[in-house]
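As recorded in Swiss-Prot:
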type	residues	note
DOMAIN	28-69	domain 'CHCH 1'
DISULFID	Cys31-Cys61	disulfide bond
MOTIF	31-41	motif 'Cx9C motif 1'
DISULFID	Cys41-Cys51	disulfide bond
MOTIF	51-61	motif 'Cx9C motif 2'
DOMAIN	70-108	domain 'CHCH 2'
DISULFID	Cys73-Cys105	disulfide bond
MOTIF	73-83	motif 'Cx9C motif 3'
DISULFID	Cys83-Cys94	disulfide bond
MOTIF	94-105	motif 'Cx10C motif'
Amino acid sequence: MEANAAVDGTGNPIPTSAVLTASAKHIGIRCMPENMAFLKCKKNDPNPEKCLEKGRDVTRCVLGLLKDLHQRCPKEMDAYVGCMYYYTNEFELCRKEQEAFEKVCPLK
C-alpha cells in the first residue's frame, strides 16, 4: 500500500492528514449536521462520555464520504491526495489537482 493512498486494498478509506485535508471542503459541507450536533453536545455537556455517539456519527459520515468520493472520482482524488502528501498539505502547490478533483466531484 502506498503512503499517499486514499483507500486500502479493500476500498476502505484511510483518513490520513493528506486525505482529510484534500477532502476538507466536502467534509465541511456533507457532514455539517453531524459536526454541529457533536459541537453542540460538547458545549452543553462537559462529560465526554455523553457525546461519544455524536462523535461516532461524525466519524461514520466522514468515512462514508471518503469512500463515496473515491468511488466517484478515484483518479482525481488519488492525484490530489498524492500531491498533498508530497507537498505536506500545502494547498498552493496542488491547485491544479484540486481543480481537477473538484470538477469531477463538485462541492454540494
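Heads up, the Cβ atoms here are built off N, Cα and C, so glycines get one too.
Overlay of Swiss-Prot annotations on the structure.
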residue	record	contacts (Cβ under 8 Å, 6+ apart)
Cys31	disulfide bond	Val58, Cys61, Val62, Leu65
Cys41	disulfide bond	Lys50, Cys51, Lys54
Cys73	disulfide bond	Phe101, Val104, Cys105
Cys83	disulfide bond	Leu93, Cys94, Glu97
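Nonlocal intrachain contacts for the motif 'Cx10C motif' (94-105), taken as residues 6+ away from its ends with a CB within less than 8 angstroms of a stretch CB, comprise 22, 25-26, 69, 72-73, 76-77, 79-80, 82-84, 87. Sequence-distant neighbours of the domain 'CHCH 2' (70-108) (same chain, 6+ residues past either end, Cβ-Cβ under 8 Å): 3-7, 11, 13, 16-19, 21-23, 25-26, 29-30.
Each of the disulfide-bonded residues Cys94, Cys105 was scored by other CB atoms within 10 A of its CB, and the lowest score goes to Cys105.
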